[in-house]
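Summarising the annotation, TrEMBL assigns ATP binding site to A:LYS631. Here TrEMBL flags A:38-172 as domain 'Methionyl/Leucyl tRNA synthetase'. Summarising the annotation, TrEMBL assigns domain 'Leucyl-tRNA synthetase editing' to A:222-411. TrEMBL lists A:430-586, A:627-667 with the feature domain 'Aminoacyl-tRNA synthetase class Ia'. Among the features that TrEMBL reports, domain 'Methionyl/Valyl/Leucyl/Isoleucyl-tRNA synthetase anticodon-binding' is placed at A:709-826. Taken from TrEMBL, the feature motif ''HIGH' region' applies to A:43-53. Marked as motif ''KMSKS' region' by TrEMBL: A:628-632.
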Amino acid sequence: MSGERYNPRESEPKWQKIWDERQSFVTANDDPREPYYVLEMFPYPSGRIHMGHVRNYAMGDVVARYHRAKGKNVLHPMGWDAFGLPAENAAIERKTHPGTWTYSNIEAMKKQLKSMGLSIDWTREIATCSPDYYRHQQAMFIDMLEAGLVTRKSSKVNWDPVDMTVLANEQVIDGKGWRSGAPVEQRELTQWFFKISDFAEDLLEALDGLTEWPEKVRTMQRNWIGRSEGLRLLFEMVPSDKTDTASIEVFTTRPDTIFGASFVGLSPDHRLTTELAEANPALAAFVAECHSHGTATETLEKAEKQGFDTGLRVKHPVIEGETLPVYVANFILMDYGTGAIFGCPAHDQRDLDLARKYGLLVKPVVLPQGEDPASFAVGTEAYTDAGTIFNSGFLDGLSIDEAKRQIADYFAARAVDNRPQGKVEVNYRLRDWGISRQRYWGCPIPVIHCEVCGTIPVPKKDLPVVLPEDVSFDKPGNALDHHPTWKHVACPQCGAPARRETDTMDTFVDSSWYFARFTAPQAETPTIPGVANRWLPVDQYIGGVEHAILHLLYSRFFTRAMKATGHVGMDEPFKGLFTQGMVTHETYKGEDGAWVPPTDVVLEATGDARTARHISTGAPIQIGSVEKMSKSKKNVVDPDEIVGSYGADTARWFMLSDSPPERDVQWTEAGVEGASRFQQRVWRLVHDVVAQGDNEGVSTSAEALAVRRATHRAADGVARDIEGLRFNRAVAQIYELTNALAKARDAGAADIVSAMREGVRTLIQLISPMMPHLAETCWQVLGESGLVADAPWPEVDPALLVDDEVTMPIQINGKRRAEIAVAKGMAPAEVEGRVLGLEPVQKALEGRTPKKIVVVPDRIVNIVV
RNA sequence: GCGGGCGUGGUGAAACUGGUAGACACAAGGGACUUAAAAUCCCUCGGCUAUGCCGUGCGGGUUCGAUUCCCGCCGCCCGCACCA
């Protein structure tokens, strides 16, 4: 028997079938055990899984299987993020319906995922493109609309000219569409928005409570929300025949520098700018110039500060009799603050650049410590650090913070335009989430536009608003809008002919609540609040860091919106978040400079030198850098091929070994071979131990005790490491136990049989979350009843975790010179006495008298001479 | 520019609250078994001018003791980037 080899190709489908038949991983909502919800980010059904999926789902499965073994009622579902543009592109290319393409991809990927042996409750599977799913999304949209969480407004939007759709700010990266990579244009469109900015403060503050999230993600969200505290301040206009505008409102975070103000700046998109430009062709040309640069170029940073003097002047708010020029400047954003600023060149680099260019006043009002107020001057670099206010009348001598407080009070008490001149205000960078997309393959926005009644929600009894099946993608743009009849509908209020909204929702809406739908995937309502509240928040969510802002911030908002509309009872969707690293691979290039896939490369190593040549031509191949697996660099490894040749367990094991899960892992052929070898070692070890028979008696020999200690230490350590998601260390501990057991087996002491039995049984249990198929097979070989998937996690005997003797290193002046074995917990004085008598210590001391002896019980002795 | 993270053998990495640096694995080298190979097993594996000395990016500091804490550099990665 042990001469044979373990055959995963035969074993793995067998166990998958058995788990299926026994419904081993189907979760009941009314199970009384403690609930535990583990979720990996659901995939887009592109058609094939990749190694990143294998790593992600292997990690989640370890967590799920471990908590099952710990007696929890584990929810571990899977679904499909199934709406989105690729399906429409495929429809155009293949002349198929997006749904046909999507569902066949789902079938293919589901088969692949099943071949991984994941402990998923497939009865809860959902696809966001199914009317069974999106009807509830439409119902919630209406609830949120009625609760005032949704708004429709006209605004400048990011328009992707390739995808012919609108993008949210979060989806524009370096001025380009996140999917198409095309330079984004600005267009004015009427859009539906979720009012995420209403939650800005809460979303920001609640980040502090997400202690099981990576600090990095929390920081990114903090920056994205971008809170800044400042003052809204009115500048009174010096009357002019150019405009009737009586004042300009600016936003500033540095009101303490008001005495250093030398101009007021307007955004090219400011209402006053637009008004003035109508009568001023030169200004209109300047604005047009700003726009031409504004969006297309990524070199905004380098763009020179440019201004246009409007000729208008405003009164200096604190210096009697002085006035300031009003400039339009290219660097002032319309959609932050009020679209207008006051410039204090001495203490703001952008203002300084403008001031130097147009010869405006540069007056320092913050004095750095140690500088002389008479001689301190600002050259080409603005001073933005701490200091004492000077040159500032009644603010002189104050700190920046104190000056901010006093000037805010000062302006609050004065009036301009019958309003307080100044008002403390908090601003956020976060803007409302525009969700309208001019696409067919998305969730229809359930509203009807009636010329009489206006824009009204579709009555809930008429939901879902289903996408029409008979669509054509012959024309670019929105196929839903092009459909001959779909949008024509009677107004549900007055019955007059009306028009359906033809925009669909951003697919990030779909993924903002799927985790809640999993808790009751067949419910007639979006959620069953009692059930959802029992499962949520997700205990452990695992996915890629690329979703740190978009998906995770939207989901946090949506959960709050669902709470406000009574669908769930909590604010936060994900209690624990883990972001795993990417899967990388070496790259290879042929002599012609073309990328060569790893399957065509033969690697050779002699000593430190590694060379490569082509598998069929034998031509030399250049070994390139290690990169994220990508089709363009041809350095992808197909999970199907790995599972087909080595088995799922090997792939899973390798994905979990070696590299810490949050870091990138490099896929190597050698690493896979190693994982596969280990699989065979375990299989042999189990058979060998079984061949030794079993005796019930517990031996107290030192050898048996050593085996039992190794076993219990591993069981304890692996549990801790899995709980801390340190899979690479859990793997190392399993190796250690395996080595210890193999050694004991080879030593062949007769009275350790039962200890060995316990050892391998425990080993199999420790392995089972990572290599579940091998574990089931070995479990059977061991003659255990039932499935290891149903077996409880091994009990750890705390008495076996502690040694009664410890080896303490002895240092002399911090350098290790000797060691001593003493009883655990020995008093420092006694240790000291023993140590000084040791021969190597005496020798190292060379007759010197110790100045001081530090004894840290059970750890170390340090003798200072 | 701002924010965050990371620098440890040939490689991926361990090292708990400051306490024996390199666990575990990969690669490499040597050996056993074999007609031979594969598989398997055993040994070596940070460096050096080796009874000892040096060594966790570099330079300082705190400490009996620093990969770990503090200060200053250097390098790499990620995120944000005219946000007033």
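Even glycines carry a Cβ here, placed using N, Cα and C.
Predicted automatically and left uncurated, TrEMBL annotations should be read as such.
Below 8 A, the CB atoms of the domain 'Methionyl/Valyl/Leucyl/Isoleucyl-tRNA synthetase anticodon-binding' (A:709-826) and the domain 'Leucyl-tRNA synthetase editing' (A:222-411) form no more than two pairs separated by six or more positions in the chain, fewer than 3 in all. When each of A:38-172, A:222-411, A:627-667 is checked for Cβ pairs under 8 Å to the domain 'Aminoacyl-tRNA synthetase class Ia' (A:430-586), A:38-172 comes out on top. Long-range contacts of the motif ''KMSKS' region' (A:628-632) within the same chain: residues 50-52, 582-585, 595, 664, 667, each at least 6 residues beyond the stretch ends and with a Cβ under 8 Å from a Cβ of the stretch. Distant neighbours of the motif ''HIGH' region' (A:43-53): 80-82, 84, 86, 102, 105-106, 108-109, 112-113, 127, 544, 582-583, 629, 636-640, 655, 667; these residues of the same chain sit at least 6 beyond its ends, with a Cβ under 8 Å from one of its Cβ atoms. In the domain 'Aminoacyl-tRNA synthetase class Ia' (A:627-667), helix, strand and coil residues by DSSP number 16 helix, 4 strand, 21 coil.
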